[in-house]
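Below is one structure, written out as C-alpha cells, with a few remarks after it.
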Amino acid sequence: MKAGIDEAGKGCVIGPLVVAGVACSDEDRLRKLGVKDSKKLSQGRREELAEEIRKICRTEVLKVSPENLDERMAAKTINEILKECYAEIILRLKPEIAYVDSPDVIPERLSRELEEITGLRVVAEHKADEKYPLVAAASIIAKVEREREIERLKEKFGDFGSGYASDPRTREVLKEWIASGRIPSCVRMRWKTVSNLRQKTLDDF
C-alpha cells in the first residue's frame, strides 16, 4: 500500500494547519475520479471528491490549532512542525512508501529525515500533488478539512475572509481586532503579519 501526504493552511494567519494522509492500493481508481491538485478545483468539486476518496482510501487527518502552532514555534520553524506532522501521519498509515509534498527547499533532506523518524520509505518532492494522485487526494482532503474549520470559525468570529495575509478582507479584520485589543484565539500570534500590523497600529496612535 502506498500513501500520499499534503497540508493546507501552512501560510495562513487565521485558522489551523491541516495535514492529511491518504493510503490506497488502487491508484487507478483515484485517477478515474479525476483527482488533481486541490487548488485547481472549486470548493464544491473538492467536497464531492473528498467524499469519494474516503470511500476507496484510508485517510488520516491531523489539525494543529493556532495556539499549538504559536507554542511550538517558540522553538521550531513551521517546516520542522510540518515534518513532525508528516511523520505522525506516516506512522498512522504505515505504507510501503509515502509520497510527500515537500515544504523543504531540499526535498531529499526531508525524505531522509522522515525515513529516519518513521523507518519507512519516503519520497518528498516539490509539487508532488501535480505528479502523484495519492498526494493530490491528500491535498483535497486537507483543503476540505481546513475550509470546514474556517467556516466554523467564521460562525464564531464573523467573516474574516480566507484567513491568508494576502487577502485584503483578512488584513482589514486583523487590523480591527488588533486596534480593539481583543485578538481571538483563531489568530496565529507569532506570524509576521500580526506583529507588523500591531506595530503599524501602535505607530498610528
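Just so it is clear, glycine is given a Cβ too, placed from its N, Cα and C backbone atoms.
Remember, predicted model here, so these are calculated numbers, not experimental data.
What Swiss-Prot records for the divalent metal cation site is D6, E7, and among D26, D28, D70, D101 the residue it adds there is D101. The substrate site recorded in Swiss-Prot includes K143, R146, Y164, and the single candidate from R46, R54, R58, R72 that the record places there is R46. Other Cβ atoms within 10 Å of the Cβ of R46 (substrate binding site) number 20 in total over all chains. Other than the site residues D6, E7, D101, same-chain residues with C-beta atoms no more than 8 angstroms from the centre of those residues' C-beta atoms, the divalent metal cation site, are I5, A8, V19, A20, V100, P103, A128, D129, V135, A138, S139, A142. Reduced to three states, the DSSP call for D101 (divalent metal cation binding site) is strand. In the three-state DSSP assignment, the secondary structure recorded for K143 (substrate binding site) is helix. For the binding-site residues D6, D101, K143, R146, Y164, the greatest number of Cβ atoms within 10 Å around a candidate Cβ is found at D6. Around E7 (divalent metal cation binding site), the same-chain residues at least 6 positions away in sequence with a Cβ under 8 Å from its Cβ are L17, V18, V19, A20, L82, C85, D101, P103, A142.
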